[in-house]
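Below is one structure, written out as structure tokens; comments come after it.
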2 protein chains.
Amino acid sequence: MEFWFTEKQTERFGITMKIKRTLHSEKTAFQQLDMVETEEFGNMLLLDGMVMTTEKDEFVYHEMVTHVPLFTHPNPKHVLVVGGGDGGAIREVIKHPSVEKATLVDIDGKVIEYSKKYLPTIACALEDARVDVQVDDGFMHIAKSENEYDVIMVDSTEPVGPAAKLFERGFYEGISKALKEDGIFVAQTDNPWFHQDLITNVYKDVQEIFPITRLYTCNIPTYPSGMWTFTIGSKKHDPLKVEATRFHEIDTKYYTKDIHNAAFVLPKFVQDLLK
Amino acid sequence: MEFWFTEKQTERFGITMKIKRTLHSEKTAFQQLDMVETEEFGNMLLLDGMVMTTEKDEFVYHEMVTHVPLFTHPNPKHVLVVGGGDGGAIREVIKHPSVEKATLVDIDGKVIEYSKKYLPTIACALEDARVDVQVDDGFMHIAKSENEYDVIMVDSTEPVGPAAKLFERGFYEGISKALKEDGIFVAQTDNPWFHQDLITNVYKDVQEIFPITRLYTCNIPTYPSGMWTFTIGSKKHDPLKVEATRFHEIDTKYYTKDIHNAAFVLPKFVQDLLK
């Protein structure tokens with residue numbers, strides 16, 4: 001007997017993978033949480049039936065959401081991750097020696113708890129001395145922060161359920177206020193094959209608030225279409241004008257200095273979404 | 001009642017899509033051919049149960065297999081496509097005004113026949129005056145060609161069934177002989193998540209035959225992992241040193257001059273496959 005998990009990534013398309021066993025299933029206060037062991041991708045975290053991260057391909061998302069803004073900022077000291085309870089982004093953040101404090105604010109403590117248990121190579125940095133983990137509403141945390149962070153990363157689920165308000169213009173205005181005067185923020189903004197409107201709308205909103213707005217992409221096999229986008233809003237530093245000397249040696253599997261720059265080169269149909 | 005088609009892209013992972021109806025199914029002399037109408041991707045060609053091309057995302061593969069080598073060559077006149085019976089590569093080839101003759105050699109005439117019928121926007125150039133369509137064995141065609149082509153594109157199925165010998169070193173030696181003294185060839189070489197060995201082995205074989213060997217990638221949602229690779233072997237012209245004046249205006253949805261260069265910037269784990 002074979003068990004397969006299928007995520008319908010749209011009403012008409014999905015991915016399917018062979019499952020060894022379910023490790024944990026729970027309806028938390030915020031969402032359905034499932035942790036399963038897959039044959040192809042190792043352990044995998046699902047929230048509301050959507051793949052969040054897998055042991056095999058997690059490095060792409062976590063490196064790309066982190067190192068692009070952190071190398072763009074000349075001296076990031078205080079970094080905030082909104083969401084990201086699996087700890088993968090935090091693990092990458094603390095690879096930067098300039099970082100003095102990395103704050104994680106995830107609304108769902110269960111995500112943190114079960115990531116520590118079943119995704120130990122991803123959650124491994126959550127106990128680091130520089131890391132401050134808060135189980136709290138990221139939207140509210142942003143609302144009450146002012147001039148505090150060098151870099152803010154929005155590592156959210158899709159714009160349904162608890163994360164819906166993290167894709168609204170008001171949230172980006174709050175982020176701008178929470179950032180220092182040369183701060184940078186990045187948000188995951190889904191894919192350009194099935195969610196064109198989201199990319200176009202977020203880009204427009206961010207562009208109205210931040211002087212420098214950029215979109216970049218990477219390849220994640222377990223995410224819809226395999227092409228994922230991130231939107232950057234920056235008050236001062238341009239991710240396309242990072243001085244070569246700024247890049248230092250870092251242990252990665254996807255990100256490189258050259259990938260940093262190439263990731264902003266967009267296929268024509270993606271460029272056209274930003275006009 | 002809903003109909004879904006699932007392609008197991010590995011033994012443990014696949015994609016699934018909602019089907020409106022089957023347009024044609026036939027066991028040809030070489031392979032199982034199915035043409036189906038999908039809800040997400042329009043009409044879709046399957047060979048031996050594997051997605052070959054869909055109306056929605058075909059432009060990526062066909063532009064990237066074509067324009068990268070054709071802009072690298074300073075004056076491509078005679079171009080050969082091995083496989084590619086759907087006609088998509090040929091459609092892109094004849095966008096280059098320097099091309100005097102584009103020869104297509106596909107072993108399976110049924111692929112050509114049913115692509116013309118059900119994929120008319122892809123097969124639209126097969127009747128062009130500059131196009132010579134031959135139903136023949138590509139391996140044999142290469143074996144008997146000498147100093148004939150400026151650019152050869154291997155637009156094959158996976159290395160199982162009729163295309164297996166198109167991934168062997170002897171075939172690349174034949175291609176070298178079939179090319180003119182400054183000729184270039186490109187082959188699709190699968191994805192770096194599930195087929196690392198194929199990429200490593202082809203790259204090594206090509207490197208032993210051609211002075212310039214390069215790997216580049218693009219994003220194709222219906223292909224395994226969403227990241228696809230192409231391997232280039234070139235006798236003289238380096239795809240990374242194309243003069244800016246060589247690029248001319250061309251009607252594309254994915255390829256641009258900047259994508260041409262960025263496509264060769266590889267994630268670290270892909271770079272590592274080529275060492």
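Every residue, even glycine, has its Cβ placed from backbone N, Cα and C.
No curator has checked TrEMBL annotations; they are predicted automatically.
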One of A:Gln9, A:Gln31, A:Gln271 listed by TrEMBL as binding S-methyl-5'-thioadenosine at the site of A:Asp106, A:Asp137, A:Gly138, A:Pro162: A:Gln31
Message: Using only what TrEMBL says about spermidine binding by A:His62, A:Asp155, A:Ser156, A:Thr157, A:Glu158, identify which of A:Asp86, A:Asp132, A:Asp136 is listed for that site too.
response: A:Asp86
Task: Across all the protein chains here, work out how many other Cβ atoms are within 10 Å of the Cβ of A:Gln31 (S-methyl-5'-thioadenosine binding site).
output: 22
Message: Are there any residues at least 6 positions away along the chain from A:Asp137 (S-methyl-5'-thioadenosine binding site) with a Cβ closer than 8 Å to its Cβ? List them or say none.
response: A:Val105, A:Ile107
Message: By the count of other Cβ atoms within 10 Å, pick out the sparsest of the binding-site residues A:Asp86, A:Asp155, A:Glu158.
response: A:Glu158
Query: Which number gives the other C-beta atoms within 10 angstroms of the C-beta of A:Thr157 (spermidine binding site), all protein chains shown included?
result: 20
Query: Given that the record lists A:His62, A:Asp86, A:Asp155, A:Ser156, A:Thr157, A:Glu158 as binding spermidine, what is the largest C-alpha to C-alpha distance among them, in Å?
result: 16
